């Protein structure tokens, strides 16, 4: 029966599979063309200017805007129809996070518009059109994701596949453009600081894309030009989050969803005080370290070395704490006997793949630093702190990935039947009667009405109605036996429940602590505190340009890993 019914379905799945393959290939080619154009602009290729790159990005955003408007209009006409939803996709906290990043991205766009107005005499019109288009694109995309991130599309599937994958790679290209622009700015600052560390043998050539004209308002130009680069980290996170949410939407097209009720897992501060306190201490100290680092680095050789030493010691301490917390959490998991949820879930699969994939970026940098320390002929004192730091980065990510992936795959603990029911013992005419009505019935008083007896909520003691004098001795014996039996079982249940609650409390505190630690470790590289640039030892061993290429390729993944880990740990805390 199932095979017979499955034959047409298999035949009908071929066009959809082909549509999936064709749309993915379309998206990859779209991305590669934009990537090559971005690279050509970055290396000052002949005949390629920034206006060409921005024109390409503007075109992609306009096409996505048209598709989103068409999808929203079609959804409004079909809103009365029951549509499948993926309850795991587009969590509310994720939508709130992307909204926050989008708001800061809009501020960035307003800065770019102001910057264009001040330098309008020598800038291409595309540099004014781009931030306006990007602002409209951001507003509509956030609205689209709030309303339709959970959709499981079952109509116009071929067309929708191309529309969604176009949106995915448009956001990836905007992410790439933001990463490159921010990296070029960081690289220029890094080149200027190298001389203060004594690496004068490295050729310093600034890669400057500044406009070749004077600003109309000097003060505003300085605010806009400096403010833009402090806002880029939020813009970068916004686009990578949007692309992941859209990718899950693309994977869900045509998917058959199992209709089952998902337990809501709201975030609660209760029970995570210890983890929050230690996490906030780490966060506060990290912000202070970053501020001091950015002030001291590049001031003089002594100040730069002290700033690097301070950074490494703080990072080593934090990473050691995170490793310890992760090991404790994994040991608790080993003591529990709970099965894993292996059901098909595109969002959960993507989370696990992103954790491992983006961790490779910082692993690459760490192994490069370890190799440089081993192979270098001369070792300034501060470079030795880089060795335990690099080793701990590798170990910490390894442990944390294992903890997060196991946590998101663990089945949620079901409420024990002993919690849902209360034992009622009534003594009537020398006989013991044990009933287990639902708590709701007891609370509403229905159990009492049905049984005709006065109920008793049993908790280590037993209540009964008075009996006739003839059965007193038998009644007392029955009461004693029943009391002993129920007391033993209730004590056993309470002790098991207490142990479980303690484990949950520890795991929630660990998840909260690691959440704040990952936010803390996201801040330094996102805002220019990058010892991989300023250490100088790697440039001597590998060469300046090769190492800078490695850092510029790996650093965006390392930064994204911290934010994605924080998001995953927030989910773990809610589920625990």
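For all residues, glycine too, the Cβ spot is worked out from N, Cα and C.
Caution: TrEMBL annotation is automatic and unverified by curators.
Record features, source TrEMBL:
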type: TRANSMEM; residues: 26-47; note: transmembrane segment
type: TRANSMEM; residues: 53-72; note: transmembrane segment
type: TRANSMEM; residues: 93-117; note: transmembrane segment
type: TRANSMEM; residues: 129-146; note: transmembrane segment
type: TRANSMEM; residues: 158-176; note: transmembrane segment
type: TRANSMEM; residues: 229-250; note: transmembrane segment
type: TRANSMEM; residues: 271-295; note: transmembrane segment
type: TRANSMEM; residues: 311-333; note: transmembrane segment
type: TRANSMEM; residues: 354-374; note: transmembrane segment
type: TRANSMEM; residues: 386-405; note: transmembrane segment
type: TRANSMEM; residues: 506-528; note: transmembrane segment
type: TRANSMEM; residues: 540-561; note: transmembrane segment
Long-range environment of the transmembrane segment (386-405) - Cβ separation under 8 angstroms, sequence gap at least 6: 312, 315-316, 319-320, 322-323, 326-327, 329-330, 333, 351-352, 355-356, 359, 362-363, 365-367, 369-370, 373, 514, 531, 535, 537, 561, 565, 568-569, 572
Criterion met for the transmembrane segment (354-374) and the transmembrane segment (158-176) (at least three Cβ pairs under 8 Å): no
Verify whether three or more Cβ pairs under 8 angstroms connect the transmembrane segment (229-250) with the transmembrane segment (271-295), leaving out any pair fewer than 6 apart in sequence. no
Near the transmembrane segment (311-333), which residues from the same chain, at least 6 beyond its ends, have a CB less than 8 A from one of its CBs? 278, 282, 285-286, 289, 293, 382, 385-386, 388-389, 392-393, 395-396, 399-400, 402-403, 406, 410, 503, 506-507, 510-511, 513-514, 517, 520-521, 524, 529, 531
